[in-house]
């Protein structure tokens, strides 16, 4: 009786949630895959995949997108690891962490917009360059500015998981390593870094996948010089209206995502994307 | 020696900190500047804020964005909480893990994929693009975060509490409304807040499903930013910065409350 009652409750709870899974999780992905087999005139075809894999434009675009995502992730990692490490040594790490995470609560578009002003011809970055004697340079709409702004936006998402794994590291391991005569570098490369690898992997996952799909930054900051997979999808869906080809690139992006998640392990808890949660 | 090293460390942290905040402060400072570029500060003025408040189109978009955020997070919180309760009631671990994996799909998918696939979905079902499609999408991508925030709270709840209530004659509805929901309330609140910020922040998904007639703030900022600098956007960013601060502080207090609440419960148990 008791068990039966619980079961009936169970199904009642589940109706809206299961509907959501069916309609908004499973159906859209299936539709995207289905759509990738249709050409622009609505005929069934494998042509999209053929075009994708035989066209050097699409392949170069994919390689470029992966390369820039790699650069962004590397830059973010190089800045974030020391930050997370030093954060852990401060007196009030939680407060510092909160301050690092706060900018993620500011709308992404506004941050991109700020850099349009900073990097503009007569903007503050060029004023600084003139001041130190280098002279003004074209900053906006370059690949450098694209990587810079993307890394700027992603830093908190990298710091958070790395900080979590560093704060879980037992200081006794570090002490033991020092007692056994390891130099600072050895302690770092043989003890600290390997033990905080899960955090680094989670961070890479949280940065690399979005970096493949950023599209407003390539427009606003990169001046369309770098075409990411995300930009290509957006272009095909909203500008050229070739949904079939857009879906094909979407399938490629999904496959890339699965590969990255497989390489970095774990289920991809991206709820770290909005700071504050642990 | 140690003193000096300590300073170097702080210097690095301060530098990161300054780089993170400089662009945001830069935006807000120039919202008070006369003139119309972000290059030189020409003296203090409120005029951009006056322009902002006189811009009825922008105010309408702002209100609609807020409406979408509130409605979608409210509905997502309801559906997500029920879903979390359902997940908690599943008996077989395989089912549970499958559902959780499905739950997380939208959390890890790139926004572009979510946007594009929803666009195909709405078109296939002939749902017109506009307020409705944006609302549905926001509900859809907020549900998994609510589940992830509520589920740990439910799992923390001891079954003896439910058994005691059932023994005392509570029916299902009373059990839910008077025992379970009050207990998991902090989780529900955090879920709601997260959903709210997800919705307010979203650009990519909305951009795909918004159609022609309807826009949200993010989409509007995007189209204006493509046309270049306009200090009215700076004024807008000043307001949104304030709003984000309010949200952060609100979230902080909810967390404080829930940890205090937890401590109280623990004390009472003793």
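A Cβ is built for glycine as well, from the same backbone N, Cα and C atoms used for every other residue.
Per TrEMBL, these features apply:
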type	residues	note
DOMAIN	B:62-251	domain 'ABC transmembrane type-1'
TRANSMEM	B:12-32	transmembrane segment
TRANSMEM	B:58-87	transmembrane segment
TRANSMEM	B:99-125	transmembrane segment
TRANSMEM	B:131-151	transmembrane segment
TRANSMEM	B:180-198	transmembrane segment
TRANSMEM	B:235-254	transmembrane segment
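Under the criterion of 3 or more C-beta pairs below 8 Å, with sequence separation of 6 or more, the transmembrane segment (B:235-254) and the transmembrane segment (B:12-32) qualify as touching. If you count C-beta pairs under 8 angstroms between the transmembrane segment (B:131-151) and each of B:12-32, B:58-87, B:180-198, the highest count goes to B:58-87. Non-local neighbours of the transmembrane segment (B:12-32) in the same chain are 38, 41, 44-46, 48-49, 231, 234-235, 237-238, 241; each lies 6+ residues outside the stretch with a CB under 8 Å from one of its CB atoms.
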